[in-house]
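Noted in Swiss-Prot for the protein shown:
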type     : residues                                                       : note
BINDING  : Gly371, Arg372, Ser373, Gly374, Gly375, Gly376, Lys377, Ser378 : ATP binding site
DOMAIN   : 20-303                                                         : domain 'ABC transmembrane type-1'
DOMAIN   : 336-572                                                        : domain 'ABC transporter'
TRANSMEM : 21-41                                                          : transmembrane segment
TRANSMEM : 61-81                                                          : transmembrane segment
TRANSMEM : 135-155                                                        : transmembrane segment
TRANSMEM : 158-178                                                        : transmembrane segment
TRANSMEM : 242-262                                                        : transmembrane segment
TRANSMEM : 277-297                                                        : transmembrane segment
Amino acid sequence: MDIKLLYRLIKYLKFYKKDLIIVMISLLSVSASLLLIGSVFRNLVDNGLSQNHILSVDKSILYICLLIIILSIASFFRSYFINNVAEKAVNQIRKDAYSNLITYEIEEFEELKIGDIISRLTNDIDQISTLIVNFLSFFIRNSVMLIGGVTLMFFESFKLASIVIITIPILLIPLIKFGKHVKALSKKALESKSLLASDIDETFNNIRAIYAFNNQTNKITDFDTKLQNYLTYCKTRLKIRALFFAISIAIIFLAITLVVWIGASDIVKGNLSAGQIISFIYYAIIAGFSSGGIFELLSEIHLPLAALERIITIIDKTPITHNSYLELNNSDPISIEFKNVDFTYHSRPNLRIINNMSLKINADKFIGIVGRSGGGKSTLMQLLLRFYRQESGTILINNQDITLSNPAEIRKLIAYVPQEANIFSGTIKSNIIFGNTQASDDDINEIIKITGIEEFAAKLHDGINAKIGERGVRLSGGQKQRIAIARALLRKPQILLLDEAMSALDTMSEQKLLESIKEIMKGKIIISIAHRISSIESADYILVIDKGGVAASGSHNDLSKNSEIYRNICREQLTV
């Protein structure tokens, strides 16, 4: 599985071949420079110091200085280009993950935690960057150094090199033993970190509720519990890594000590020169540190590999493909029809939300919808938007089955305004044009005037170009709703869905805005879910939704006479 993951990573890296060639040349230059220093040391001792040959000493020192300069320049290019490749590659990975994630079905987002998504697109991606740098830079460099060092050790002394080689299989034992534990702990650590991100996101999205209920202490305790769980996984993983590293270093340096001991004996016997043993020890140290570096990287690789796997699952998820048979010109008179529609949420399989619902809505109609909470009012709109797909029955627009069309084509006809206005960080204007970036200034100015935005925007320093903070934190609830409605109207939809979209406005402001909306939407369809009966009294007809079906329909006056459910809703509001 790890090999497959690395192969997927390499597929991203192949786009940066020129940079990688520079990295490889730099790596080889660094390795060659370090290895050549060993032979210079041998020459320095055997031909310079041992024979008191000052010219040979000077030449050796000059060569070492030259090699250090080459080493420094090559290290600069290696570091710059490998990190450059890593940044470009992870940005592409992040883009691919984000681009695929944003095409998920709405139901799939309900199974994901926002914090987990954020963690994957930030922390996990950073781990992949570390993997690229470590694998392509340090792992390959250490491998070249290890192979070069061992080869030159054999060139200096076959006997001593054989002693060093024996230590490599010994090092593999703890690597294999600890590797499985580290891999499992790495996955748990990432999952635990995602829970922390989710908790942070949830906390600061609901900070007012936490303050209002004086719940700061409980939230701190809850966060600390999650933090301790994450810390436990990290500490255990770090202990295993540290233990492995300590064992590796002990084995490597015991081998080097043994080499020095045997080498010193060979010098005394005249089998080796002092220069040979010094260069051998130099190569042994290089090989030892390189092998130690490799084993440490291998012990660390499980965390970034787990992160890569979590990202690849997002990238590899195949989005649902949709046919696009439905063709509807905006000039056609719009109509909507539900025929015996049933629907149940996957998260609540035992609760039928829409139950054999049938209704028809023609163009140039303002339709009000009322009903008790959980009756299926909002679900009706979300089915029309293709956020979900009905279990049975048919939903038609202009007598065309919407399931035969790409949801994006359906949504071009519709503008949707939920009760909780979706406001993005930026300006008032950027939020208004979110649904129609090609809108003219005249259209924008007309809409902000109609929706009453002009009045409060004029009091701001930069008008509609004023920054409104994250999620519109600097705006009131009513101002947010006006912006959301303006965004919907600027889209020039055939169908306008209002889900308690003016609940934050007072009754007079709501009626004034509603009249403006009806004027703009002449010849089209307005469907408005209302909590206040006064919001829909002027509707052409009202649908009373109860237990997932249409319990009654008609004008306000008709329903007041003929529908017990509607009368009860009106009576409850009057009582309140």
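These residue numbers are counts, starting from 1, taken along the chain as shown.
Just so you know, glycine gets a Cβ as well, placed from its N, Cα and C.
The transmembrane segment (277-297) shares the most Cβ pairs under 8 Å with 135-155, out of the stretches 21-41, 135-155, 242-262. Long-range contacts of the transmembrane segment (242-262) within its own chain (CB-CB distance under 8 A, at least 6 residues past either end) are made by residues 159-160, 163-164, 166-167, 170-171, 174-175, 178, 277, 280-281, 284-285, 288-289, 291-292, 295-296, 299. Around the Cβ of Ser378 (ATP binding site), 19 further Cβ atoms fall within 10 Å across all displayed protein chains. Around the Cβ of Gly375 (ATP binding site), the same chain contributes Ile545, Asp546, Lys547, Gly548, each under 8 angstroms and 6 or more positions distant in sequence. Take the binding-site residues Arg372, Lys377: by the count of other Cβ atoms within 10 Å of each Cβ, the lowest one is Arg372. The number of other CB atoms found within 10 A of the CB of Gly371 (ATP binding site), across every protein chain shown, is 22. If one looks beyond the transmembrane segment (61-81) by at least 6 residues along the same chain, the residues whose Cβ comes under 8 Å of a Cβ in the stretch are 19-20, 22-23, 25-27, 29-30, 33-34, 36-37, 40, 44, 137, 141. Considering only the binding-site residues Gly374, Gly376, the Cβ with the fewest other Cβ atoms within 10 Å is that of Gly374.
The Cβ neighbour count for Ser373 (ATP binding site), using a 10 Å radius and every protein chain shown, is 7.
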